[in-house]
Amino acid sequence: MDSPINIGDLTTQSIQQKLTDTSLNKSEVVTSFQQNIYSSVNSSIKCIQLNLKFKDVEVIILRRVQDSYINISQLLSILLKLNIYTKSQIDNFMNVEIINNLEFNEYNSYLDIKEPNILKGIWIPYDKAVNLSMKFDLYDMIKQLLLIDVHQFEELPKINNKRNNEDSSTILESPLKKQKLETDYVSKFLKNDNFPFSEPPIMHESNEIVNEMRSKLSEIFKENEKRELDINSISNILKQITDKYATESFFDVTLDSKLNTALHFSGTLASINLISSFIKLGICSPVRGNINGENPLITCIQVRNSMDMGNFSEILSKWLYPNIFLFDNMNQSILHHLSIQSNESFKYYTVKLIEYLISNDAFFIKFRDEILNSQDKDGNTSLHNAIERENKWLIKLLIKLGSNVQIQNKRGIKPDDFKILNEIDNDSDELIFNLIDTKLDFLSKRFEISQNIEEIEEPSEIKPVEHEINGSSNSNMILSSIQQLLNTTNSEYESILNSKRQEIKDLDKLLHDSTIITANNKFTSKKISEKLVKLDNLKLQVANLSDKLLLNSQELNLDIPEDKEFDADEPFIIKPIYEKLINGESIDSLRNDSSILDSLQPIPILKARIQAYKTINSNLESELSTLIDYNELTSKFKKVVSICTNVDINEVDELLDGLLEAVEQS
């Protein structure tokens, strides 16, 4: 069996990069398609429905009337129908760019996937959907859906589709709420006698059992390449061994010379079904180290498979989170390993790690206290490693988190000795930096109120109490009544405690959501401010150019009327031919005129000019089409603002100016 590194080297090209460069022009261009707009009601939700037909294929895309959210799952299915990308590639893009992207967390962007219902899929805000449609060159194909006014819902023809009218008694919920942490399976492995290091590899005595187990695990990996195995299939493959031997005899069997377990390989392959099955079946420990003390989380981040598949957040939050606080044999934490990587995936893994920690106050505080400034056997912190590799992005992130720049390694060198620290700015030019700043602000306020932040208790289960009366004497009946009263009082007290625990849990989630929303707002506000500054600079440049043009005109004593047209084609006009064409005369008489032929430029130059004119005309036609679409969209936006603000549509521009001025002053 190959080592994890070799397996990682065989990974396919990053789906992010492929989808970023996507254009329908790079594949087959769809020039013929039919758009039909309808109104529909699905599970009591009003929608505008686009039926898009092309190449004998029909795709349905919905836009909700209540908030203009668009079903992005249906939108991106166009790429699947055109065979531009596979379903797994689209799913990976959705996981990375939408489901696990905190920029979408401030919206109620996710709807549960109800199998027979046409509403199934992921819904995102209107502006985000427009951006994605333009990114994938799908805008023209769904333009009718984007430009339609949702207030015209009643005027649109009703769709005759029985499936649309099926009612659902289940409230649509976020799939994120359904992602319950599998703590019951992982918690039994949290007792680590080797803490804070990974547990050492197990050397089994019976080679016969070990070889038999290795053979079965090899079979599982091979079968999983053909199809994704579920836990029942894996259990059946291992049944012959699990029925015959005790679990201790084949627990955490090593598979190669580096003493990697099956869970190490599963982490390298980023296979969630294998990771979850091995842990649930109790045949692998998530905190087991290999010969170097590297746990499965470390082998996972050493290759880019999990980034390409977009499932790192799920692997981390459900199964491998205990490894965040473990060290290998060189006393290196996960942060050390991220800081010494030179591949492009380190940034993705680092961001997802910080996002997960920010969602849990206790973990975030513990990470800053125990991991952030930890030193390896050479005395280097993660900041030392980042500075050595001149990784300015990681240096900035570590300093934002609170890395100590005064810690010396064994050679007496501290991060503060390097001038590169002076080149790091404090601007939060990425969302993750705003997220860290906001989280630290919230924590500082909480520490002002309470000196410690305790872990939130889960509501406990209240068991019904059975009352038994022993004997019929008065004393027994009195004792039984007292016992019943005490039990009832205790049950009511526990019920009150549970309600308070749930309130605290809900408030904590609300606080976390507020952190993300605040960070998003800061980031957006900063970008708007940067655009406004850039706009002011452009205005200043235009004013300077106008002044310079006026000054030059005065120096040359030129009187240039403002309304005079400038003919850019004049230098290239062949006047004898041009005049005849303008007058509608034939130019045949000029074909043998040597004076005209001698005045012409060489043939390559003339061909280049003709091609330039064709290109310019094509660009002008494209810009004209864009301006027409933009004018239609602007009219729609004005109408929406007019309806929402009760302002006459002719006064909307003045209202927007006032709003912009208020934003600039705030």
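Any Cβ shown, glycine's included, is placed from N, Cα and C.
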From 372-430, 490-548, the residue range that TrEMBL assigns the feature coiled coil: 490-548
Counts by DSSP class (helix H/G/I, strand E/B, coil) across the repeat 'ANK' (378-410): 17 helix, 0 strand, 16 coil
Composition by DSSP (helix, strand, coil) of residues within the domain 'HTH APSES-type' (32-157): 50 helix, 33 strand, 43 coil
